[in-house]
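The next block holds one structure in the form of structure tokens; read it before the comments.
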């Protein structure tokens, strides 16, 4: 008894399980986690090490080099890149693809140990190093809180209270702020006044520092108790600072208010600023707990904000930069609508070509398979997102394929007079194993992406998981539920008889004549097909290439770079006027401005720019994403004319994994000057291309540095060291932190600095008063400093795998980066490089190669598995060869489809081609097995070939038609359009391959003749 007979005999069990699977599947679907895009793990961590006062070169040689050397000992390391700048080392550690989010915490622990081991060898004044391993956290809610008529302190108080409330909301994992300024107590003095009084600023700093220190007075036994003793005397208010007595160690005493001005304020300049529609504010990023539902968390936060609405002061407003819960809901609703459309299209096609009962039956099996798939996908951790729902649409045609074969086989037998009850087990016994083999081959076609460990593979993994689960389930339902439903609902034809020929119609007759004609002229037919294939290979060279398409997000980015070393105040001023310009543009609804660094990572594919005072970024919201294509060139042109000294470029958000700069030329070598010379040559080549924009290097311009040339002898005579000179200068401008002021749970730094008359006058450097320990008085700095020289130094030194590396970036003005890259590459590679220097290509080229390499290593293995499965199925090398000879020919339809629609062949199109191979082989296997069945039944080979093709014509054509039409909703999705065109175009010709070319090859290989 075969599986169909069991399902029919146990019909009550089968029907109950069917209903249970349908209902529970729909219930699971309702509660599944939802995302806009699939998650992938950012396998990077940052090592940040301060080294105040050091130049970029000193930071590189004394800090970065030591840390990189230790980090390179990590066996899990993929690459290490670093940025050394004055006073700061930032190292990015990238881990190999094979490590996932479960194993990464162990890797980060090992990294911390490596970094910790180096700390004792770092130079004095540097460190400690901070390892940041949550660099890839995504804040699904990113909003800016602004105020009108409130001080910054009042706004910050409200933000702190709100943050405390939101942390209690279900699903909230972490809350981080952006653009928060550090509050401090400033003690400002006039150095000339101190010189007159004979007081050193160091004395003031030391006495202020002692006031903020927590001291331990120990414990004492009082009776039977052990009692702690705690002395008072700390400063409790700003007034306390003013009343503080300062002594110079002799008889002189002064109130601090008499020699300095004390005020409470915020550290200036700020490290980063954020504005929403022109209003300065504080950004808040809210992330979801691990494994949480973005939509549920977003709705819960919005509900909490509504609940707290009564506590929000008038004038304080929320501006949402990114609200993923709404974006996800909208995106998922769109995908579900596309899925419903696709299912409706497939069912409509079935109803038209297979009749009402057969169409509804197969349509029900399709819905059952989709619902049942959710039962298995949810425990596997697959969420409802762009890739997984798109995969369901891609799989629709294949999902009905198995059921079509079974239903069609039963219908044919019923037309010959058999009952559905007797026909069903026979059809299933003949078709079950060929269908299973064909289904497994279709799954294996997607397996390469499912086993790829890189970020792109992780991003697209749900594609394989959905196809695997749904196709296997479609086979199970095809051999169990489908035959039972055929028995229950299909009615026999009114004139059913053994003598009836179900293929006697005009369409079948014409197809039969065409097929016989092609087989008789098999050599000419084969030559014609090969000639068309050769033309398609030539035509494919005209198909453009890309990696991932741009997003349809109704928001785009504008980046502004002023010359390196620009003060953040000037950057803010320029950013303010650019923001105003952007807000005046048509279709623009909101503009968020970040000055000093990029935003919090509010999208997985968004790469935040590291801190830089000369940088600003604008996130521009529009009312229709289609307006972005028109806005970007206009904005770039007009801003370039208005701000000639700034580099300003705009870009849409990317889908999939993205790189900063689609075209990147990396040059590595030992000498910074030589690197800059080569980079200038590359920049000149890039600039000569009319289609290139946003041309820049990551080393940027050299920065201005004022060198204080010390008179060593005079300094020694006065007991003044280089450190004392540096502290005096810093104290006069930026200020020196001397301690902390405690206020409840706040620790405010106490900053001692000169008053405004000195801090904003760089020309007064020589007049700065410095304390001479030997003279016991203040002397002007010019007595121990020979001169102040203005020089230009590298402000940024970047390295890659411990080699100094400069990168030149560019983006295409219009079209795909591959076309521009193909134009620039030979020119750049013709530049002669000195010995010890090398050129590498990064950007989209590197990312695409990496992604394709991730699946290329496993593609041969899975193709071999598919071939072995085919051989096992037929126990014949010749039949296997016939099937696989048709595979390359599918490129004909793919080329025609992509050229006709002007779509590029990118990573998603590559996946589409792999899936097309599975579909083609699946149909071919069923056809060849049918030929075997007919020859075993006694038919001559030629007759068996023709009859099998005729009998398989409807199911093969139906499978192709349902797949192609079912994918039409994806044509309107920017992410899937190239994949959809690849599959649709390929399937059209694949049907011809299966039903015409394959029998020609079969007859050629097996030498089939008429009357054989």
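Sequential numbering from 1, following the chain as shown.
Each residue, glycine too, has its Cβ placed from N, Cα and C.
Because TrEMBL annotations are produced automatically, they should be read as predictions rather than curated entries.
Among the ranges 288-305, 306-323, 360-377, 414-431, the stretch that TrEMBL annotates as transmembrane segment is 360-377.
Transmembrane segment is the annotation TrEMBL gives to one range among 906-928, 929-951, and that range is 906-928. Of the listed segments 463-490, 491-518, 547-574, 575-602, TrEMBL assigns transmembrane segment to 463-490. Sequence-distant contacts of the transmembrane segment (956-977), counting only residues of its own chain at least 6 positions beyond either end whose CB sits under 8 Å from a CB of the stretch, comprise 337-339, 341-343, 345-346, 349-350, 353-354, 386, 390, 393-394, 396-398, 400-401, 404, 408, 548-552, 655-656, 901, 903, 908, 919, 923, 926-927, 983-984, 987-988, 990-991, 994-995. Residues 2-4, 398, 402, 405-406, 457, 460-461, 463-465, 467-468, 471-472, 474-475, 478-479, 855-856, 858-859, 862, 865-866, 869-870, 872-873, 911, 914-915, 917-919, 921-923, 925-926, 929 of the same chain sit 6 or more residues outside the transmembrane segment (432-451) yet have a Cβ under 8 Å from a Cβ within it. Simply put, out of 12-29, 331-353, 360-377, 881-900, 983-1006, 360-377 has the most Cβ pairs sitting under 8 Å from the transmembrane segment (463-490). The transmembrane segment (331-353) is not in contact with the transmembrane segment (523-543), judged by fewer than 3 CB-CB distances under 8 Å for residue pairs 6 or more apart in sequence.
Under the criterion of 3 or more C-beta pairs below 8 Å, with sequence separation of 6 or more, the transmembrane segment (389-411) and the transmembrane segment (12-29) do not qualify as touching, having fewer than 3 such pairs. At the 8 Å Cβ cutoff, the transmembrane segment (906-928) and the transmembrane segment (853-874) share at least 3 close pairs (sequence separation 6 or more) and count as touching. For the transmembrane segment (881-900), same-chain residues at least 6 beyond its ends with a Cβ under 8 Å from one of its own Cβ atoms are 529, 532-533, 536-537, 539-540, 542-543, 867, 870, 909, 913, 916-917, 920-921, 924-925, 928, 978, 981-982, 984-990, 993-994, 997-998, 1001-1002, 1005.
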